[in-house]
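Enquirer: There's a structure below that I have some questions on.
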Amino acid sequence: MTLRIGLALGSGSARGWAHIGVLEALAQQEIRPDIVAGASIGALVGAAYCGGELEELKSWVLSLGRLDVMRMLDWSMSGSGLLHGRRALTLFNERLGSRPIETFSPRFAAVATDLGTGREIWLTQGPVLDAVRASIALPGLFTPVQSEGRWLVDGGLVNPVPVSVCRAMGADVVIAVNLNGDILTRRQRQPPLPSTETKAVAEAATPLPVWNPRAWLSFFRDEHATGDSPPPGLFDVTATSINIMQDRITRSRMAGDPPDWQIAPRLGHIGLMEFYRAQEAIEQGRAATERVGEELRRLTGLADRP
């Protein structure tokens, strides 16, 4: 009997490029999912995989530098989010945007959240770009997406690692990829920052630049402050709060509906908007999967095949 394999790709912003490494390592083990469900960045990578564009996505993300990430920020004046998110999905739109999800193989689902009711929404039909854009709509950062009279936001709010979606779609075995497993330990690994007094003196002696892309980009980096260092910035507070929430939700959901195997790459050093660190994330995803390759082959029944 051939087991139907489900792959649940979790949320995690820039850490989501690790999913590319996971998928590549699974392919090397001849493990090919029949069903893929993704939340947030997991939906984006999952859609590229199911649509046959994973290599194209990988080439693009590996080309991203700090300034490229800055250029993708299309500011919104709507008040419901800081960014539209259209520019970031330009390549995705060119390659997959109008294709209906129901034509994908493997089967694919993106998870979003109904902002009005808080209910979990599974997007399994219609243009893939609309589904992915809704699933990545991180509250406060990206504007919500309107669909069939509902306002949809990031699926990671309700189901950060959508194991349950894979099972509902018919998976016999579910492999989950959790990107947030070690996020809360990041604070302990960072070197101490300069004291407030020392930093204040240094800043007072340094003229402020009129335009410094690196300085602006640092505003979006997920850098934790400890001890006597200054309080965290807006994006640090937002990202850390969401990480804590999603970690707790993931633990709760997996306790009630555990995957058959969980892959948890070590990604605590990669911040919310550090999309230019794709090489590191991909390598971590690949390494985490390779470490358990034989176990996964046994789990999926491939170890017994000649």
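Using the three backbone atoms N, Cα and C, a Cβ is placed for every residue, glycine included.
Curation does not apply to TrEMBL; its annotations are automatic.
Grabbed the feature section from TrEMBL, which reads as follows:
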type     : residues : note
ACT_SITE : S40      : active site, nucleophile
ACT_SITE : D154     : active site, proton acceptor
DOMAIN   : 7-167    : domain 'PNPLA'
MOTIF    : 38-42    : motif 'GXSXG'
Enquirer: What is the three-state DSSP composition of the motif 'GXSXG' (38-42), stated as helix, strand and coil residue counts?
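Expert: Reading the DSSP string over the motif 'GXSXG' (38-42) gives 2 helix, 2 strand, 1 coil.
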Enquirer: Same chain only, please: residues at least 6 beyond the ends of the motif 'GXSXG' (38-42) with a C-beta under 8 Å from a C-beta of the stretch. Say none if there are none.
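Expert: Answer is 8-17, 19, 108-111, 135-136, 138, 154-156, 159-162, 177, 179.
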Enquirer: For the C-alpha pair, I'd like the distance in angstrom between the residue listed as 'active site, proton acceptor' and S40 (active site, nucleophile), rounded off.
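Expert: If we compare the Cα positions of the residue listed as 'active site, proton acceptor' and S40 (active site, nucleophile), the gap is 6 Å.
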Enquirer: State the mean pLDDT for the domain 'PNPLA' (7-167).
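Expert: Taking every residue in the domain 'PNPLA' (7-167) and averaging pLDDT yields 88.
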Enquirer: What does DSSP call D154 (active site, proton acceptor) in the simple three-state scheme?
Expert: strand
Enquirer: Tell me which residues of the chain lie with their Cβ under 8 angstroms from that of the residue listed as 'active site, nucleophile', as long as they are six or more apart in sequence?
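Expert: G10, S11, G12, S13, G16, S135, I136, L138, D154, G155, G156, P160 - these are the non-local Cβ neighbours of the residue listed as 'active site, nucleophile', listed in sequence order.
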